[in-house]
Amino acid sequence: GDPPGDPPGQPLPVESRPFASYGSALHIALPRAPRAGQLLTVEIDYEAGEGPGVCWLAPEQTAGKQKPFMYTQGQAVLNRSFFPCFDTPSVKCTYSATVKVPEGFTAVMSATSWEKQKDNTFVFKMSQPIPSYLIALAVGDIVSADVGPRSRVWAEPCLIEAAKKEYDGVIEEFLAVGEKLFGPYVWGRYDILFMPPSFPFGGMENPCLTFVTPCLLAGDRSLVDVIIHEISHSWFGNLVTNATWGEFWLNEGFTMYAQRRISTEVYGSAYTCLEAATGRALLRQHMDNTGEDHPLNKLRVVIEPGLWGVNPDDTYNETPYEKGYCFVSYLAHLVGDQSKFDAFLQAYVNRFKFQSITADDMLSFFLEYFPELKEKGVDSIPGLEFDRWLNTPGWPPFVPDLTPGEQLMKPADELAELWAADSLNMEVIEAVDIVAWRTYQLIYFLDRVLQKSPLPEGNVERLSKMYPKISKAQNAELRLRWCQIVIKNNLEAEYGKVKDFLSSQGKQKYTLPLYRAMWGGSESARALAMETFSATAPQLHVNVRNYVKKILGLEVAE
């Protein structure tokens, strides 16, 4: 039919055709060829809910364990199983939705406005154009609490107090710094929804309403950098978007850079460099696991469409984040002046806002903005060519200087060295007071201990006794690393902690490394992997469950 409000249009012939292993194409035959620029209204009557983009959780998979919960996860190519759409980041549109839910449940969406009407019906509108992967819905027994002038936290009733305490007042500070650096925040509200523990990601930057893991409720605000990361997506990713998933680094590399700029303004450069060193260690670990020349270890990944094409969801790894961060840092290094580069970032956002772009668009704008660099031919400096950055796998040809973090890293390096010694010098060890160390200092220390593992006989047991702050931590980042150390040192006495941690949450970044470590470990570690998986499989997100099955060599149902 023509514009909405007209009498119902005529029925159209439709067919579903094969497209890729991760979705089919819906073909609709129009009665006559439309004119360029003509507005059409097509109404599609459909039913969804079985596909991977819509997650249905049983009560036992939630924090409260009383009522079921559902949520959608669109990134990268899953929203095609939630509603018919042009499921590519290169197309942006506004949307509206009317959602009716059972009594005792609340619906929330990534929308600029929502209102509750009678019969437990919620009406949502997103007034800014966004790509399909950012349309998100969650329904559950959830309540909210204000934590700032344009922010509230949403969570199950049993978590709302903890959520309010963790984030009261801090969100607005991060938003204000972001606006100062990158320009106006265009999305109106910035709310956070704490998901059930099985949510597979740290955060998903759905506009107006970031979905986050409950692992962030550490009780001491030590993991807020994840929130800074999601806030940074408000400019990089949500406002300026990669046109294809093969250039995901445009979303994530810029967001890592923006996150660390905000963190530097708020927490100083020593702390931020320490956090960045942790990120660099993850990239190193990833490249050691896959081999540097693995095709995923370049910024421009080839994702061929078609039935045999690579599923963009399976390309998720550290490279677009940390190697992407290094490339953006390299561009800043070429400019040589932080305030000039900050001004460039603001101009970049302003130039491409509400658009989807390629790396070539970004780089030509960079050279246009800095004609003096263009004249110097900075795009083809031997060994650091832009083309090499994009198309050659391997370690970044340039890494930013993290020396400001050394005042925090050095004591951690020295302490790890002491614990790796054949005979422990307890006098020197006891003189080091780690009580005042911040979470990232402890994380850095544990990363070093893990690198030096397995430690000499008996050392890990003593370390465990000496630092209950680490071995009995509730903080997910510390628990992950302690579990990795337990497995690497085959410390069977603490295997229970690995199983407990994997039972308490289902985040992909925690779950997969631990199963890889167990499967690559001793006979008893493999047994622990099987036992843990059979106990926890039902509570995992289907993608994560399948990735674990692959690690354990189990059959994956198509």
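Even glycines carry a Cβ here, placed using N, Cα and C.
Residues annotated as active site, proton acceptor in TrEMBL: E230. Residues or ranges marked as active site, proton donor in TrEMBL: Y321. The peptide binding site feature in TrEMBL is assigned to Q73, G74, Q75, P200, F201, G202, G203, M204, E205, K507, Q508, K509. The Zn(2+) binding site annotation in TrEMBL covers H229, H233, E252. Per TrEMBL, domain 'Peptidase M1 leukotriene A4 hydrolase/aminopeptidase C-terminal' is recorded for 407-552.
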Take the mean position of the Cβ atoms of H229, H233, E252, the recorded Zn(2+) site. Which other residues of that chain put their Cβ within 8 Å of it? E205, E230, S232, F236, G237, N251, T255, M256, A258, Q259, Y321
For Y321 (active site, proton donor), the close recorded positions (Cα within 10 Å) drawn from F201, E230, E252 turn out to be E252
Over the domain 'Peptidase M1 leukotriene A4 hydrolase/aminopeptidase C-terminal' (407-552), what is the model's mean pLDDT? 96
Distance check against H233 (Zn(2+) binding site) for the binding-site residues Q73, Q75, F201, G203, E205, keeping those with Cα within 10 Å: E205
Could you check which of the binding-site residues (Q75, E205, Q508) sits closest to E230 (active site, proton acceptor), going Cα to Cα? E205
Could you round the CA separation between Q75 (peptide binding site) and E252 (Zn(2+) binding site) to a whole angstrom and send it over? 13
For the C-alpha pair, I'd like the distance in angstrom between F201 (peptide binding site) and H229 (Zn(2+) binding site), rounded off. 13
Which numbers of helix, strand and coil residues does DSSP report for the domain 'Peptidase M1 leukotriene A4 hydrolase/aminopeptidase C-terminal' (407-552)? 110 helix, 0 strand, 36 coil
Quick one: give me the count of other CB atoms within 10 A of the CB of Q75 (peptide binding site). 24
Record lists Q73, G74, Q75, P200, F201, G202, G203, M204, E205, K507, Q508, K509 as binding peptide; longest Cα-Cα distance in Å? 18
When you put H229 (Zn(2+) binding site) at the centre and draw a 10 Å sphere around its Cα, which of the binding-site residues Q73, G203, Q508 have their Cα inside it? G203
Sequence-ordered list of residues in the chain of Q508 (peptide binding site) that lie 6 or more positions away and have a Cβ within less than 8 Å of its Cβ, or none, is P200, F201, Y316, H541, N543, V544, Y547
Residues near Q73 (peptide binding site) by Cβ (under 8 Å) yet at least 6 apart in sequence within the same chain, in sequence order, are G53, C55, A136, P200, F201, M204, F211, H541
Whole-number Å distance between the CA of G203 (peptide binding site) and the CA of E252 (Zn(2+) binding site)? 13
